[in-house]
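Colleague: Okay, here's the structure, questions in a sec.
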Amino acid sequence: MTERRHDREFVRTFFTSPTAVEGEDDSAKMLRRAAGLRGMQAPDVWVPDNEDATAPSMRDEGAENIVEVISEQGAEFPGEIHPRMVWHRDSPETRYQGFQHMLDITDPERGAVEHIHGFVIPEVGGIDDWKKADEFFTIVEHEHGLDEGSLAMSVIIESGEAELAMGDLRDEMGKPTNNLERLFLLVDGEVDYTKDMRAMTPTGELPAWPELRHNTSRGASAAGCVAVDGPYDDIRDVEGYRERMTDNQAKGMLGIWSLTPGQVVEANTSPLPPKTGSWLLDADGEEVELASEDGVEAYDGDRLSLEATDGGYELRVGGDARELTADELREELLGLTSYVPSMDDIVDSMEEFEAAKEAGRGAIAMTQSATLRIGGTEIDIEKDRMWDEATYQAAMTPISLFQDVYENRPDQHEELEERYGAGVVERAMEVGL
C-alpha cells in the first residue's frame, strides 16, 4: 500500500464556506459560523472558499476575513483548515492573484498560518500546471520562513487535463525538482468538468461521471493521497446524497463535498460501520431491509411470498411460483439475502481471526445464520465465509477509518460512544494494532 504522508489517512467531509458576503454588516459571518461547528456537524476539512463561493469583487476582503477569523477561532476548530484560492490553468493573472492572497494569509505576524494546514487549488491543468502551483507553495514557505513542504496542497479535478495528470503523479512525486509530495486531497469538481468535457444531458442535470470518480480514487490510492467527490447540490435530497456516498465508497472514495452542516452530518456518519447489523432481501429486484423481531428477520411485503406445502415449500417471486424442498429453498434464499455487519460484528470477526492466526491457523470459516420469516412461514439459513489474511485486511478498512476519526476528532468521542457503546469503541481501537 502506498504510504500516506499527512496526519489524516481518511477525510469524510470537505465543507466550503464563502469568505465574504456582500451587503452584510459583517461580511465574514459565514466564516465565523463555520468556525464554530463542533462534533458531527464539524467537517474533517473546512475550506474557506475564496473562489467560486465568493464574488470576484469580494475576494480581497475575503482573504482578509480568512486571516481575521482563523487567527481568532482557528485554534479551537476540530478539523483541518484548507482555504481555497483562485487559480486557473489558462490565466496567469488569476494564478498571480491566488499567489498574492496565499502570501498575505500565511504571514506569520498575522496569526492565521499556525492554524492552516494547506490550501486548495482549483482549475488545475496538466502535470506542469500542478508543478507551477507547488512552486508557488514553496515560494510562500521560503518567504515566511516556513518549513518546505509544510503546507499541504489539494487540487480540484475539473478538466480532462487534470484527470490525465493524475496518471503522472507517481513518476513526478519525490523528484528533487518539486515538492509534489505535499499533495493531500484530490477532489472532483463535476460542474466545471462537465463544461470542460462539453457534456450534455436532456434534462440539463450533471452526468454522474462514475469514470471520473473511479479515476480520482485510483489516482489518489496510487499517489498516497485522499479522494473526495464533488458537491451534491440538491441539498434537500438526503436519500440521493446517501446513495451517492454508498456508490463512492465501493470505489474507495470515502470523502465527499458538503455544502451545508446537514450534509456534513450525513457525510461524517455514512462511511462509519452501522450500529446494528441488518439482513437485506432481494424482493423481485427491490432490495429490502428485513425487520428484526425477537431474533427473527421478517419480510411482510407483497413482492415475495412463502408457504409450506406437503412436499416442501412454495416460493413466489413476483408472478413466478416454484415448488422447492427445504434444502433447495435455503439455497435460493442464500442467493436472495445478504448481511450488513455492525461495528460489533466486524470487531468480533477480526478478533476471532487474530486469535486463530496467533494459534497458527491461516484461514478460518465464519458462519452467518438467521431465521427468516416471509409472510407467516419461517426457515433457518446459514452460510460460511472463509477468512484469510486478505479478507482480514479488506475488513480492516472501515475499522482503520473509525480509528483515524477517533484519534483525530476528540470532539466526536461522545457521539461515537453513544452510537456504539464504550466497550465496542475500546475494542475497535485495539484490533489490527
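Every residue gets a Cβ built from N, Cα and C, even glycine.
Note that the coordinates shown come from a computational prediction; the quantities given were computed from them, not determined experimentally.
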Colleague: Looking at Mg(2+) binding as recorded in Swiss-Prot, which candidate out of D52, D60, D294 goes with E158, D192?
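Modeller: Only hit among D52, D60, D294 in Swiss-Prot's Mg(2+) site, alongside E158, D192: D52.
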Colleague: Given that Swiss-Prot assigns T16, S17, R84, R236 to the acetyl-CoA site, pick the one from L206, L212, L259 that the record assigns to that site as well.
Modeller: L259
Colleague: Using C-alpha atoms only, work out the spacing between V191 (glyoxylate binding site) and D388 (active site, proton acceptor) and round it to an integer in Å.
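Modeller: So the Cα of D388 (active site, proton acceptor) lies 42 Å away from that of V191 (glyoxylate binding site).
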Colleague: Can you tell me how many other Cβ atoms are located within 10 Å of the Cβ belonging to S17 (acetyl-CoA binding site)?
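Modeller: There are 26 such Cβ atoms around S17 (acetyl-CoA binding site).
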Colleague: Among R84, E158, V191, D192, listed as contacts of glyoxylate, what is the widest Cα spread in Å, to the nearest whole number?
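Modeller: Farthest Cα pair among residues binding glyoxylate: 17 Å.
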Colleague: Per DSSP, V191 (glyoxylate binding site) is which: helix, strand or coil?
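Modeller: It is helical.
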Colleague: Given the binding-site residues D52, E158, which one's Cβ is surrounded by the fewest other Cβ atoms within 10 Å?
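Modeller: Each of the binding-site residues D52, E158 was scored by Cβ atoms within 10 Å; lowest is D52.
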